[in-house]
Amino acid sequence: MSNSNTSASTAINRLSNMGLLNIEPSNTAARSSPFKVTVVGSGNWGTTTAKMVAENTALYPELFQRQVNMWVYEEKINGVNLTEIINTQHENVKYLPEIKLPENLVAVPDIADACKDSDILIFNIPHQFLPRICSQLKGKVNPKARALSCLKGLNVTPEGVFLLSDYIEKELGITCGALSGANLAPEVAREKYSETTIAYKLPKDYYEGDVNGAIWKTLFHRPYFHVRVSSDVQGVSLAGALKNVIALAAGFVEGKGWGDNAKAAIMRRGIIEMIKFSNMFFNESEGTTFTQESAGVADLITTCAGGRNVRVGAEMARSGRTAAEVEKELLNGQSAQGVVTTEEVHELLTNKGLINEFPLFEVTYQIAFNGYPIDDLPKFFEHME
């Protein structure tokens, strides 16, 4: 075995002995060269994940190349390119201000250049931009690359509903897992303790030294960011997408000043509909993911307590303005994924004739897009039961 292989195995064994890996070291066969890593996306959560990953690539050079590329949609900040600011000041002043970034994190404005020859691709962009990003990357990524989707949403077509990780796999021809959990970006960026779930299944073409659960955990696990590894890509992906619909509804309730009891009622109905949706459309998902993993009920609680979807829903309720107007004011150019996912879920349920099976999802759509009065929300539920 080469020195590189020996040191990589040593790193994995060290993590396992420290109790940081719940995976057998024998399943983490080393490779001849370190993994090259790219993060696709530079919003607040994208930059936060890139920060953590870059911290770990510097810590484990025997496993990962030190430099982490982060694709940045180029824009001017006071006349200066955002990539230049990130690379010189080591701060994403627009989307993650006042957070110092590792010097080995490099902002790259060209998507193909950022991903060239990378072994690991981490997607962290608003999910409505995924088709355009994949079209730009098709045929330009390492065919042996492995990917992780941090996106929150679904791909709804006339043929049905599909996971975003599946979309990445289909368009780019690479295996893709999913990361989701109770992870508010500002708190994680400030290194406040949290948990997350990474779901990944070994591909059919798995080879010695390939990416596996232990590699993903080593790449993301920090003293302040605890990683649990799962194989339930469906459940983790669905939980991450559907909780944003529920959070939007929780925001409506918050904006009306109805209190925590009402918000808890929304969350109770929400978790029921999440599991029902999962069982109906993705029967390989595991119910325990929704109740026992950070990607499930923990993420739902956190998102309904203080995420951007709650803020948008609350302001819509208070002001009577549209989601687009509120997003522009509150989110600094970013989007509330719950608004997009609410529309996608409604489209799917309408096509399938299943609207009455999911009253919370449907009333959230009607409030957000058709002006259904929030004050009538309790009446809506009574009518549906």
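Even glycines carry a Cβ here, placed using N, Cα and C.
Matching Arg222, Arg228, Arg308, Arg311 to the NAD(+) binding residues that TrEMBL gives (Gly41, Ser42, Gly43, Asn44, Trp45, Gly46, Phe129, Ala185, Gln337) identifies Arg308. Cross-referencing Lys152, Lys170, Lys192, Lys201 against the substrate binding annotation in TrEMBL, which names Arg308, Asn309, picks out Lys152. On the 0 to 100 pLDDT scale, the domain 'Glycerol-3-phosphate dehydrogenase NAD-dependent N-terminal' (36-201) averages 97 in this prediction. Spatial neighbours are here defined as Cα atoms within 10 angstroms of one another, and by that definition Trp45 (NAD(+) binding site) has no neighbours among the recorded positions Lys152, Lys243, Asn309. Each of the recorded positions Lys152, Lys243, Arg308 was ranked by the number of other C-beta atoms within 10 Å, and first place falls to Lys243. Least packed by the Cβ count within 10 Å, out of the binding-site residues Trp45, Phe129, is Phe129. When the recorded positions Lys152, Lys243, Asn309 are ranked by how far their Cα is from the Cα of Gly43 (NAD(+) binding site), Lys152 comes first. Across the structure, Lys152 (substrate binding site) and Lys243 (active site, proton acceptor) are spaced 9 Å apart at their Cα atoms.
For the substrate site, whose annotated binding residues are Lys152, Arg308, Asn309, the maximal Cα to Cα separation is 13 Å.
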